[in-house]
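Worksheet: one structure, shown below.
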Amino acid sequence: MEKDFLEHGLNFNRRRFLSKLSLGLGSVALGSLLIPDLFTGGSGDEAGLPPGIPDFAPKAKRVIYLFQNGAPSQLESFDYKPKLREMMGQELPPSIRAGQRLTGMTANQTSFPLVGSYYDFKQYGNSQAWISDLFPHTAKVVDDICIIKSMYTEAINHDPALTFFQTGAQQGNRPSMGAWLSYGLGSENKNLPAYTVLLSRGKGNGQGVYSKLWTNGFLDSTHQGVQFSSGEDPVLYLKDPDGLNRFERRKMLDKLAEMNDISYKEFGDPEINAKIQQYEMAYRMQTAVPEITDLSKEPDDIIKLYGPDCLVPGTFAANCLLARKLSENGVRFVQLYHQGWDQHGELPKEMAGQAKDVDQASAALITDLKQRGLLDETLVIWGGEFGRTNYSQGKMTVDNYGRDHHPRCFSIWMAGGGVKPGIVYGESDEFGYNIVKDPVHVHDFQATVLHQLGLNHEKLIFKHLGRRYRLTDVSGKVVKDILI
Amino acid sequence: MKFTLKGFAGNLLFAANVFILFLLLFGGEIIIPYWLQPIGRLHPMILHFPIVILMLAMILDFFRFKESYAKEPFYQSFVSWLLLTGALFSAITVIMGLFLSKEEGYTGSVLQWHKWTGVSIVFIASLIYWCRDFSWYKLGVSRVGAVVIVSCLLATGHFGATLTHGENFVLGPVTSAAEPVKVPIEKAMVFKDVVMPIFTQKCLNCHNLEKAKGSLIMTDSAGLFKGGKSGKLFVPGKPEISLLLERIHLPEDEKKHMPPKGKPQLTADEVAILKLWVKANAQLKGKVTELAPGDSLRMLATAFLAPEQSVEEKFDFAMADEETVTKLNNNYRAVYPIAKESPALAVNIYNKDLYKPEVLKELTSVKQQIISLNLNGLPVKDADLKIISQFVNLRKLNLNFTALNGEGLKELKSLKHLNGLSLSGTGVSYAAIKQIVNMPELKQLALWNTQITPAEIAQLQKLNGNLEVIKGFKDDGKSPAKLNLPRIGNEKSVFSKSINLDIKHAINGVQIRYTTDGSEPDSIKSLLYKKGIVIAQNTSIKAKAYKKGWFGSDAVSFTFYKSTFKPDSVVFLTAANEKYRASGPEALTDSQMGTYDINAGSWIGFREHHMEALMFFKTPVNISAVSLNVMRQLPVYVLPPEEVEIWGGPDKNKLVLLGKTSSRAPLPADEKTLMNVETKFNTQKISCLKIVAKNLKKLPKWHPGKGEPAWIFIDEVFLN
């Protein structure tokens, strides 16, 4: 075996070297013809950035993602379709559906009666965007947000769609967006994880969220999302056990790190180093976390802004307030999930409850970040994993209907972080079924988010098992039209 | 003298030299007749001949004295002829060039250089031709001559090319890769940043100081307004009669069309911009943002300019030492460049417990580079501002919720670039703010949650017109919100002797009113909750929260149950349904109350048969009442037990029936409820207790499940 290696080295003689070299030079020269920027200088990272947008310093430093898990209906929120009310009860024309695959829940349905929004819409702000009556607070900040009405995805069921949104692939085990950001940008505040997750649950029909959604995938495990829970211990197992003081804890950690270091030297497994770092981070979090999760010192106006629920741990409002505090303290990616948006039936009733849960606090977050001068550098995203059908699932009555999953077209909004405020981007057809203008694929969305944080989605790569992986897989383009 | 062709050519060369000398001496007074102009214009074509021929001649001349060549007559004669031809061509070229230079549009230093290097070629080449056969003309001289001529050729060629193609023509594609920096829209001037760049890109090649075609110099506004040979370029306000626009709009084939055919043409947008600019009186001053938002010129200009705020500031200070920056970073202080290769640093400091002024002092090693400093929520004192005042390039300073009172704010005046200052939640006073409100770059000031009044804020804005004061969200009291529900803090609702009532509310300063009789609490008459209220018997609490400026909350209900005794062990004699077994028989006395959710794990359900449970006490107890907490929920077939029997005795073999309770028959109108079924009897001293709860065996006829057995669900047993 050793001999083989030696011989391999000797095989590399001058002739071979020169012939390889000439080939190499030739290919570089050829390459320069194909890639005009190859020799123009500039660091490699900038070379691939889209021209026209000066991408030196990033616009956004942090992200707060208000994920509406279960997929809120775009037709009762931001995509106003009066035509559906006119055609209430009539069949969805097959030419519009155009062979869209159905979920198991409506696959056996013989009729697809169109159903308009139970709730009225009005126009708001300078952009004159249409917003339904369910979101009165969001309507007040409409001039600070950018509504995208032309999102589309590839998945038609919750878990794959959610996983696709978070990790860029429908199957699990790839790193999620927050992990990629943590990997690409690192942590701003070393006392807190770069990626945190907050969960809340509305009364509507819910869908599960699992820790695989905030996984580090094949990235180093320091990039994993850390879940803050609503109980007395926001971060589980963070407190020292009774009887152990901080000094002893320190001594224990030092000894542990020493031993871990020995085994790192022996085996060289990077996960050992990750482990040491996690212990250290947890030690620092012991003092940082209580300060942040203590919401009792927030002034009264802030409480009124977010609504009284913001002091009830585990509510969406409380999580929004907490998200602001975490973000303010340098957490790169705060991921909220609000469950309960899966309205296959009882949509008018359930959606009203869900909207009430999130509307005020979402809008409050925008206002609060803005008054702290943080909105410029914080990208806030609000939206679900797909949209909902324009026809009713199951029986339809005047005040009760349901909507099935719809991947072809749905609405989200973004605010701050260098996204143009007060605009509406993209359009769906009059049935709210297909996109007619400026489609935005999930990968485009992801590319845009990364871009706003100063990362080129084509360059943020991790090589794993012989393949180079990206959040946007092999596609995605930055939606420049919505950027300042 | 024998007439030879060579002799004739030599004479011609002499004559040409004299003529050139003449042109040079009296050039200023000569006017080239129009029929000679085409000769001058052939200059750019003819010039290639002398370059090549002379170059070749000089190379051959360089090696002329080499032994083998020196003996070669053909070589000698060929070089001589070649030199003569080259010199002649260069003379002709120079004459043409001098003619051409008389045409308007050629001035400037490049032309002078071109002219004199060109003329030198003729003179030196002629001199070499005439002297090269003298005896002193040897190897060294010939080589010097050759080198001089070749250098002159290169220089002349270069200057000439610069005249025709402009500076940096050859390397342009490589060196000017950096696109012209777009000006951000908020800073852009209409003329300087929108109109002028069009001239610079499309017109300046021919209308500059060096080469002022048509005597028009477009390098600055003075030249533009002066116009050229054909008159003024434009009549402000009247694009339709302005020469500039006339020329632009001529068909491209037209001779007078500008830019000339073959040169880069104006785009439709550029034409429109020029037209609109002239129409708007060709103003030199004025910002793009001063135009109305719907103004056509503004809209077109926007496409040419960088969008708002998007151009990063270029920082003119040096990069900080990388090692210093690394050292400054620790767990509580993040110091990082705002982007790759940017010298500017952003600093965030965290953890209020560890903050000391030293944390800031240490930053003075990078005081030039810090452009953003975030001290939000730290106990920063006014004295510390003196340290901050050294960070001269600071743009953004966040002092929200710090311990400032404003005395030290004047120190910040030295921060000439500061444009954003956040002082919310601090004790700053109006007087202190007033001192710094006129800082040159200050644009944003956050002052919410301070003692500064709206009137004072208005005053501040008057003092600095560019200032945006962030007043923050202030509740105007016009749309009060509803309080959320009070929370019962007691973990268990079952107690043995007494329990302290614990009602909480998330919001400070809330009043909690409650009733114990099942009536709705109100904000005046109902009991006010205080700490230390003791409950000693079964009690139903209904509570609401109230606060000034808010709507009262909905009512929350809660029932406390007394269960004086707890058995040491519990066993079932009949098996519970396998789906609803909670945590086993002990669940009956674990003080955990269930909700309507039968799957929540606190309910024990029986359907196939009745419930029979045995409870054992190690020390005998005196019991007079046993009550079962059960559920009634008709749609899911859940009913209270039809009959409850309580048996007791010293051990399980000596039990006697102590009491019996029957429930009334169910009615269709029965709402779902959680209820107590109590069986009372004379006090008995017992060590073993048997509870038998019988479910209804046949649901009544009106029920959907008529004839089937009903469920019983029990979550707790209270023994008193």
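Glycine residues also receive a Cβ, built from the backbone N, Cα and C atoms like all the rest.
When TrEMBL is compared with the stretches B:143-161, B:428-446, the one noted as transmembrane segment is B:143-161. Sequence-distant contacts of the transmembrane segment (B:113-131) (same chain, six or more residues past either end, CB-CB distance under 8 Å): 10, 13-14, 16-17, 20, 24, 50, 54, 61, 80, 83-84, 86-87, 90-91, 93-94, 97-98, 101, 137, 142, 145, 148-149, 152-153, 155-156, 159-160, 162-163. Model confidence over the domain 'Cytochrome c' (B:182-282) is summarised by a mean pLDDT of 83.
Same-chain neighbours of the transmembrane segment (B:143-161): 44, 47, 50-51, 54-55, 58-59, 61-62, 110-111, 113-114, 117-118, 120-121, 124-125, 128, 169-170, counting only residues six or more beyond its ends whose CB sits under 8 Å from a CB of the stretch. Each residue in the domain 'Cytochrome c' (B:182-282) gets a DSSP state, and the totals come to 44 helix, 6 strand, 51 coil.
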